[in-house]
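Here's what Swiss-Prot has on this protein:
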BINDING   His97, Glu99, His164, Asp183  Fe cation 1 binding site
BINDING   Asp101, Asp183, His240  Fe cation 2 binding site
DOMAIN    269-431  domain 'Flavodoxin-like'
REGION    48-240  region 'Zinc metallo-hydrolase'
REGION    432-576  region 'Flavodoxin-reductase-like'
Amino acid sequence: MVALTEDTQANANIGRLTVQTVEIADETTAIRCLDWDRERFDIEFGLRNGTTYNSFLIKGEKIALVDTSHRKFEKLYLEIVAGLIDPNTIDYLIVSHTEPDHSGLVKDILQLAPNITIVGAKVAIQFLENMVHQPFKSLQVKSGERLDLGNGHSLEFVSAPNLHWPDTILTYDHKTGILYTCDVFGMHYCDDQTYDENFFAIEEDFKYYYDCLMGPNARSVLAALKRIENLAIKTVATGHGPLLQVHISEWLGRYKNWSLEQAKTETLVALFYAEDYGYSEHLVHILGHGCTKTGVAVELIDLNTAEPQEVRELVTQASGLVIAMPSQYSLTAQAALNTILAAVHHKQAIGLLESGGGEDEPVFPLRNKFQELGLVEAFPPILIKEAPAQTTEQLCEEAGTDIGQWLTRDRTIKQIKSINTDLEKALGRISTGLYIITTKKGEIQGAMFASWVTQASLNPLGVAIAVSKERAIESLMQVGDHFVLNVLEEDNYQGLMKHFLKRFAPGADRFAGIKTYPATDGSPILAESLAYTECEITSRMDCGDHWIIYSTVHVGRVANVHAMTAVHHRKVGNHY
């Protein structure tokens, strides 16, 4: 288990790239492509620690390559593979799923090994035919089927659709006990340690990855866990981050517990998208992340591959529906839309968005049909006319939060009304100041009215803020992010409070009509605030329905030394 090779290249545009090869078991080599400086992986991930793209080579009597890598590693990766083995002798390329960060070099491998057989789910093979635009030998596999490489390497395939692509399969080697999982159980974390020895260093990234990619498909996670429960797993060979070996039972147990908690909710939102069309899947995942922040369950389903009965059952169960427009020329997707229209019921929540594929089903006629059937629009249609910017992605996440909050409004009202216990009344006597948190990350700005704020340390100077998991600003308050804590003045807070407490439409400018000036990091400072401090988030603690955000304070200023901070007096402790 020693690093055999390590090659590096640096590029001003993409940062430092490293390829590391490690023998992880008998006749099995990991090819880890380390992307040290990547700072962003869609809106879900503001990366603190880069990421990796992991590929694997199994040398039995026959040879199999499990996944490839991101196209940015083309030169390094192909040189490493050629150094390990003559590519023309590779018999099989197993494609766990067709997301470009793992299948980006499939076409290059085909050029080096034209007789190779590509192994994957039926949907994956179909997607690849549209990606590589050349004929290739293929083998479609289903759950429970095996591929014998010889020398004891019997590979068993496990179907895991919607984790987080519809074509996902897992691969288990019965000789080595290695389960190849691609995105499942992964994390965006880049370092030169092959395995998960440092549990606490990667724990937060593991949870964040689950929340963003796997949580929206909790039911599918549970189904996959059920299928692998009888496998004697010694190593989980993930597609991103360190391989899991030291703490396997803990990681898998957390996936199960998180998914059980997510799946047991009574409120379900069905998210329909068209795989491999426009930005459909990308935007729906972001929107689904916004939904799950409010405590509702979500289920993603591909309009191009789902069976009519599957669509009908999901629509019947769901309290809300979100549809990313498929191509108007896809007969399968059109049939799925007709099934949805026939299965919806009165007062379901509905949200529609374009996919930006150039041939989208027109959104407004479909919107009218749903309204005629008595469905309630959760957010205005989201129109996509160009490649989604950060602001568009923020709009989608906030739209997801909106539909989730609308569906859980009765639960929230019930909680507010349950104020009979002495404990809640006593807790409500804890008074705090009034503040507005403002932040900016790239093109995105956010703001939040807050009262659960306190100084938390003297050396270094630090503050702690409780942020509800369903707040829109939560995605902008990750470790390493910056924000401004604006302190409101006792006799001059009503206008700002009224403005920032109002309900904003998804993507709306929180600062329209408000005078601000930029902090050091660009976050807005409110001109009418009594005082402000510029803060950097250094840790987050999971506290039930809130995050406790601890931040160090770097800059501060008081506008009026004679004024007092506005104070928030409550009588009950079960709501703000």
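Placed from the backbone N, Cα and C atoms, the Cβ positions cover glycine too.
What Swiss-Prot annotates, mapped onto the structure for a quick look.
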{"residue": "His97", "record": "Fe cation 1 binding site", "Cβ within 10 Å": "25"}
{"residue": "Glu99", "record": "Fe cation 1 binding site", "Cβ within 10 Å": "20"}
{"residue": "Asp101", "record": "Fe cation 2 binding site", "Cβ within 10 Å": "21"}
{"residue": "His164", "record": "Fe cation 1 binding site", "Cβ within 10 Å": "24"}
{"residue": "Asp183", "record": "Fe cation 1 binding site", "Cβ within 10 Å": "22"}
{"residue": "His240", "record": "Fe cation 2 binding site", "Cβ within 10 Å": "25"}
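When pLDDT is averaged over the domain 'Flavodoxin-like' (269-431), the result is 88. The two recorded residues Asp183 (Fe cation 1 binding site) and His240 (Fe cation 2 binding site) have their Cα atoms spaced 6 Å from each other. Excluding His97, Glu99, His164, Asp183 themselves, the residues of that chain whose CB lies within 8 A of the CB mean position for the Fe cation 1 site are, in sequence, Ser96, His102, Leu163, Trp165, Thr168, Cys182, Leu213, Gly239.
Cβ atoms within 8 Å of the centroid of the Cβ atoms of Asp101, Asp183, His240 (the Fe cation 2 site) belong to the same-chain residues Thr51, Tyr53, Glu99, His102, Cys182, Gly186, His188, Thr238, Gly239, site residues excluded.
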